[in-house]
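Engineer: Summarising the annotation, TrEMBL assigns active site to ASP2. Here TrEMBL flags ASP2, GLU187 as Mg(2+) binding site. According to TrEMBL, the substrate binding site annotation covers 3-7, ARG15, HIS19, 47-49, TRP51, ARG53, ARG168, 174-176. For ASN50, the entry in TrEMBL reads active site, proton acceptor.
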Amino acid sequence: MDGNRRWAEKRSMLRALGHVSGARQVRQIIDACMARGVNYLTLFAFSTENWQRPADEVSSLMGLLVHYLQKEVSAMHASGVRLKVVGDLNRFDRQLQSLMASGQALTANNSKLTLTIAANYGGRWDMMQAVQAWQAANPGQSVADMDEAALRPHLSMGYAPDPDLLIRTGGESRISNFMLWQVAYTELFFTDTLWPDFSAQSLDHALQWYQARDRRFGASNAPVAEITRYAI
Ligand code: IPE
Ligand code: MG
């Protein structure tokens, strides 16, 4: 969800207000996904690299995460959203960790849309922790005995299928350490739209683009699957 600060700068607003506007946009996109039959939505909220930002920005992002969870979880639950949070959560303070845990527990049996929030997440971190988790689950075995199928359940998103579509807002054409394992055959959509401006209409534009892709998964021609999951 890139472009919050540039959105604020364009309006001579404080950066923190760009993040606030970005967070406000999330509800609309969740609702639009549900209305379109998307079953999995994954949002990259905070990366392992974002700690390097100025302390006041990091603390305003943390405050926003707390505020968002306090304010939105009951509405999510009412509309059938299952909340998941992935990342190295130990680095967050106790209040945030407990909100994440209670939000996930409350919504665990919902099935309309699985909303994953990636927080203190990085694709490389995920692969490393998955190998270590595999090793812990298979003591005495060598990683030479591990194959892709054996590793997959230890990835932090082992509960979800790989995304069909990844949308990067904000004009950059890179993955920035998001879901590195899972995007092997994902369609990648890059847009200049800044995240706070990314609307249901922008989503439809991305979905129309997706519909025109020819997904071969390295093999021969197959029809484009109906989209069921995507990541931003
Ligand atoms: C949001 O956009 C990403 C987060 C870390 C929440 P940015 O803060 O990267 O905004 P830009 O890219 O500087 O405009
Ligand atoms: Mg950015």
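Heads up, the Cβ atoms here are built off N, Cα and C, so glycines get one too.
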Engineer: With respect to ligand 1, which members of the binding-site residues ARG5, THR48, GLU187 satisfy a Cβ distance under 6 angstroms to one of its atoms?
Structural biologist: ARG5
Engineer: Around the Cβ of GLY3 (substrate binding site), how many other Cβ atoms lie within 10 Å? Please give the count over every shown protein chain.
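Structural biologist: GLY3 (substrate binding site): 23 neighbouring Cβ atoms within 10 Å.
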Engineer: Do any of the recorded positions ASP2, THR48, ASN50, ARG168, ILE175 touch ligand 2, in the sense that the CB is under 6 Å from one of its atoms?
Structural biologist: ASP2
Engineer: Taking the Cβ of ARG5 (substrate binding site) as reference, which residues of that chain separated by at least 6 in sequence fall under 8 Å from it?
Structural biologist: ARG15, GLY18, HIS19
Engineer: What Cα-Cα separation, expressed in whole Å, is found between TRP7 (substrate binding site) and GLU187 (Mg(2+) binding site)?
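Structural biologist: That separation, Cα to Cα, works out to 26 Å.
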Engineer: Among ASN50, ARG168, ILE175, GLU187, these being the recorded positions, pick the one whose CA is nearest to that of ASP2 (active site).
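Structural biologist: Nearest in space to ASP2 (active site), counting only the recorded positions, is ARG168.
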